[in-house]
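*Asks:* The structure follows.
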Amino acid sequence: MKKTIVIVAVLVIISCYGITEVRSDASDHRYKEGDSVPLYANKVGPFHNPSETYRYFDLPFCSSGHVTEKKEALGEVLNGDRLVSAPYKLDFKKDKDTEMACKRKLSKDDVAHFRNAVQKDYYFQMYYDDLPIWGFIGKVEKEGKVDPSEYKYFLFKHIQFEVSYNKDRVIEIMAHMDPQSLVDLTEDKEVEAEFMYTVKWKETEIPFEKRMEKYSQSSSLPHHLEIHWFSIINSCVTVLLLTGFLATILMRVLKNDFMKYAQDEEAADDQEETGWKYIHGDVFRFPKYKSLFAAALGSGSQLFTLTVFIFMLALVGVFYPYNRGALFTALVVIYALTSGIAGYTASSFYCQLEGKNWVRNLLLTGCLFCGPLFLTFCFLNTVAIAYSATAALPFGTIVVIVLIWTLVTSPLLVLGGIAGKNSKAEFQAPCRTTKYPREIPPLPWYRSTIPQMAMAGFLPFSAIYIELYYIFASVWGHRIYTIYSILFIVFIILLIVTAFITVALTYFQLAAEDHEWWWRSFLCGGSTGLFIYGYCLYYYYARSDMSGFMQTSFFFGYMACICYGFFLMLGAVGFRASLLFVRHIYRSIKCE
């Protein structure tokens, strides 16, 4: 308990520090007329493949002088940001009319490189005073042409910057590509390219504190809010229907069961004992593979805690739009700090299940989620290196992550495991377990594990699937998700529906005299993760325009890890709810 309090205190301090850092950094963005305001070119890549991004100067753009790299934080590197000084100079409140940034003679290879990028709909991203700028690098002229070989390809060479300011601060920036100033890339021949830019400054009344609000407006437009609230109402109706179903069926059935089992001894002798009371000597028999079960429960508990803390930081405003890398930094740090919860939960429960080899259980707990994630990362990072993409992590960043895992995650996992082993808590079972397990009667096919998982996963998934589109469009697209309060409500509904449906299926399983409910409740609770991965297939082929081996492998690889995490987290929730329910009903009857 003390350990959990310490971890919570540390996380609160980190979150407060993050907010303070953002605000203090914001107070430094003051300039005088003529001051040089930092403009950084970040990355380029196909618009429809958000993971496939490259360094800005991987394309043969020319630079106006020495290119300097901006030092990136851990989260920014994980986000694929690689900022370098841009060839354009935008001094504060200084208008410029068609100024040449640089000039370059494009070789045949350069022209082919640019043409390939224009063909794949490449965009660029820059940051000016920490404000994002986007633009497409060229256009394809298809008008009146049916055969793709007749298409014409053009490179934009003139950027028009429009910058708004309020007193001594930059408020907003937009970049427009001049459609009249083009370089023809259709033929493989050397061409001269003069990269030009124009800067127009205008005053605005928007305060500096609200300059990021325009980036979150797309999420809060009336049309989108209507859909979000429809999602909430849909989810609430699902919860009400499910709770009503449980209240009507389960409570009545349980009431009848309790009345029947509470009959006097003579009446009980006249009828054969059936139903869930009949298996009271087996219902608390420990499951097979108890070490794996305890490890899954520990990992799921850690991921649940991680999700709750991420929501806490989101709701207090840490993840404001384009706070580059804040989410990735929070995920790495909080996961490392909460590893003690995984160690404590797994080791404590394993010892309650009378497990002896707690060290092996602790190793299994540490590798159960991190192992598949590490293997997936190794494969995908190799793919990114082969593509020379910015998604490939530098060696130094990998060393930092390994050090965090070695110096923070592992020690906290071990300390949590030792605390769990020494807690000496005993498993609370209202009924004594018989020496030999009772044979489970033959059951119809729909009571087997797979159909039960399908039923258990469908309802929770139906409560969140509308919101899933917006999350996917944000993570795997260019939309911005900022309505974290609605997302938090959906998450709470997901937990409630998962717990209730798992409890209902557990009762029906016990009523059919099937006492092997431990793993079944975990698998049924976590089955929503499988439905989310099924939605990934639908989203990729029906709702997105992603293509190519790298983007496909990144999407399905990392979504497999995320869905696996959901499986462990919701599985732990389902099992905990079922355990409370089973203990309650068997405590309410007299078992001999």
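Cβ coordinates are placed from backbone N, Cα and C, and glycine is handled just like the others.
Per TrEMBL, the feature signal peptide maps to 1-24. Annotation comment: TrEMBL describes 227-250, 292-320, 326-350, 362-387, 393-415, 453-472, 484-510, 522-542, 554-582 as transmembrane segment.
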*Asks:* Under 8 Å, at least three CB pairs between the transmembrane segment (453-472) and the transmembrane segment (227-250) (pairs 6 or more apart)?
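*Replies:* With 3 or more qualifying Cβ pairs, these stretches touch.
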*Asks:* Quickly jot the same-chain residues contacting the transmembrane segment (292-320) by Cβ under 8 Å, restricted to those at least six beyond its ends, or write none.
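*Replies:* Counting only partners 6 or more residues beyond its ends, the transmembrane segment (292-320) has Cβ contacts under 8 Å with 11, 15, 18-19, 22, 212, 216, 326-327, 330-331, 334-335, 338-339, 341-347, 349-350, 353, 355, 361, 364-365, 368-369, 482, 484-485, 487-488, 491, 518-519, 522, 526, 565, 568-573, 575.
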*Asks:* Please report, as numbers and ranges, the same-chain residues at least 6 past the borders of the transmembrane segment (227-250) whose CB is under 8 Å from any CB of it.
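*Replies:* Residues 459, 462-464, 466-467, 470, 483, 486, 489-490, 493-494, 496-497, 500-501, 503-504, 507 contact the transmembrane segment (227-250) from elsewhere in the chain.
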*Asks:* May I ask which of the stretches 326-350, 362-387, 393-415, 522-542, 554-582 has the most CB pairs under 8 A with the transmembrane segment (484-510)?
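*Replies:* Ranking 326-350, 362-387, 393-415, 522-542, 554-582 by Cβ pairs under 8 Å to the transmembrane segment (484-510) puts 554-582 first.
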*Asks:* Could you pull out which residues elsewhere in the chain have a CB under 8 Å from any CB of the transmembrane segment (326-350), counting only those six or more residues past its ends?
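*Replies:* Hits for the transmembrane segment (326-350): 3-4, 7, 10-11, 14, 18, 73-75, 78-79, 290-291, 294-295, 297-299, 301-302, 305-306, 309-310, 313, 318-319, 358, 361-362, 364-366, 401, 404-405, 408-410, 412-421, 423, 425.
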*Asks:* Could you tell me whether the transmembrane segment (393-415) and the transmembrane segment (554-582) have 3+ CB pairs under 8 A, leaving out pairs under 6 positions apart?
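*Replies:* Per Cβ check, the transmembrane segment (554-582) does not touch the transmembrane segment (393-415).
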